[in-house]
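Asker: Take this structure first; my questions come after.
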Amino acid sequence: MDERLLSGESAYEDSDLEYSLRPQTLRQYIGQDKAKHNLEVFIEAAKMREETLDHVLLYGPPGLGKTTLANIIANEMGVNVRTTSGPAIERPGDLAAVLTALQPGDVLFIDEIHRLHRSIEEVLYPAMEDFCLDIVIGKGPSARSVRLDLPPFTLVGATTRAGALSAPLRDRFGVLSRLEYYTVDQLSAIVERTAEVFEVEIDSLAALEIARRARGTPRIANRLLRRVRDFAQVRGNGTVTMEITQMALELLQVDKLGLDHIDHKLLLGIIEKFRGGPVGLETVSATIGEESHTIEDVYEPYLLQIGFLQRTPRGRIVTPLAYEHFGMEIPKV
């Protein structure tokens, strides 16, 4: 898979930046109003009862702020957060080590929770329900099970694939929040806030232009701002203007709707070779040289969101909106 400026997945260079930009409270957090308002109520109620917050599952496309919300939950509850990920927990013993290190009330954040192995999920069930850990000591006929009490804690799981979670695990979360793509106005506010942190002057129209091309995703908006800032410093006077922004994004091959060369390759491949479809996923994969799961999980969601692509039982179909975007005529049936 090509490295993508417009990928919602976190890249190495994003991590330090995201930490410095991360809001600390729900009041500072821009967007996701429905999830935010519900969490405000649940957190306040838990604090009034002097209880831990119910376990929380945050799901939705990458780059929308799941990690940020997990940290905010811990801050609002006044507790520490311990962070790990599904792929990092390889054995039940790894999970046991994490759980036994928690202090009362702590938040345990597991990113990519859908990638937990089923055997590890089974260790997690009693921990989530009864705050206890069942471990097996010894092997064979002499093996015995020992139950350890755990301090009350809140598990916050994050996933881009809620459907990949097993039903028993999903059912143990008391709070389920789907994170939605951001509006242009919300992203524009995020871009202006990030520019303040960078100590970079930015025109409001330039912030809007970056927001329009950021695919509804704050991580992409901040990444685009970083690249446009480079052009402003080298090709301009340091101020991010509309002119500099349009020039930079054109050179970066990010079009007015936030589509890049990979999106163009996928859509034009279906249009030019298969008359717009329907065409099967495996055929599209072979045509553009990308793995089918990458197309399905990474490239297609935004194209579906903006109505440029349809998934049908017969295959993928490019819509009239995409033809219009490319200035092409729709083929007659």
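All residue numbers here begin at 1 and follow the chain in the order shown.
The backbone N, Cα and C atoms fix where each Cβ goes, and this holds for glycine too.
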Asker: For the ATP site that Swiss-Prot gives with LEU21, ARG22, GLY63, LYS66, THR67, THR68, GLU129, ASP130, PHE131, TYR182, ARG219, which of ARG172, ARG227, ARG229 also belongs there?
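Answerer: As annotated by Swiss-Prot, LEU21, ARG22, GLY63, LYS66, THR67, THR68, GLU129, ASP130, PHE131, TYR182, ARG219 share the ATP site with ARG172, chosen from ARG172, ARG227, ARG229.
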Asker: Compute the C-alpha separation of TYR182 (ATP binding site) from ARG311 (DNA binding site), stating it in Å without decimals.
Answerer: 23
Asker: Among the binding-site residues listed here, PHE131, TYR182, whose Cβ has the fewest other Cβ atoms inside 10 Å?
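Answerer: Output over binding-site residues PHE131, TYR182: least Cβ neighbours within 10 Å is PHE131.
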Asker: Compare all C-alpha positions of LEU21, ARG22, GLY63, LYS66, THR67, THR68, GLU129, ASP130, PHE131, ARG172, TYR182, ARG219, the record's ATP binders, and send over the largest distance in angstrom.
Answerer: 37
Asker: Determine the Cβ neighbour count for THR67 (ATP binding site): the number of other Cβ atoms within 10 Å of its Cβ.
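Answerer: Cβ-Cβ neighbours of THR67 (ATP binding site) within 10 Å number 21.
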Asker: Check the binding-site residues ARG311, ARG316 for other C-beta atoms within 10 angstroms of each C-beta and report the one with the most.
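Answerer: Answer returned by the neighbour count: ARG316.
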Asker: Consider the binding-site residues LEU21, GLY63, GLU129, PHE131 and say which one has the Cα lying nearest the Cα of ARG316 (DNA binding site).
Answerer: GLY63
Asker: Distance between LEU21 (ATP binding site) and ARG311 (DNA binding site) at the Cα atoms, whole Å?
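Answerer: Counting only the Cα atoms, the answer is 36 Å.
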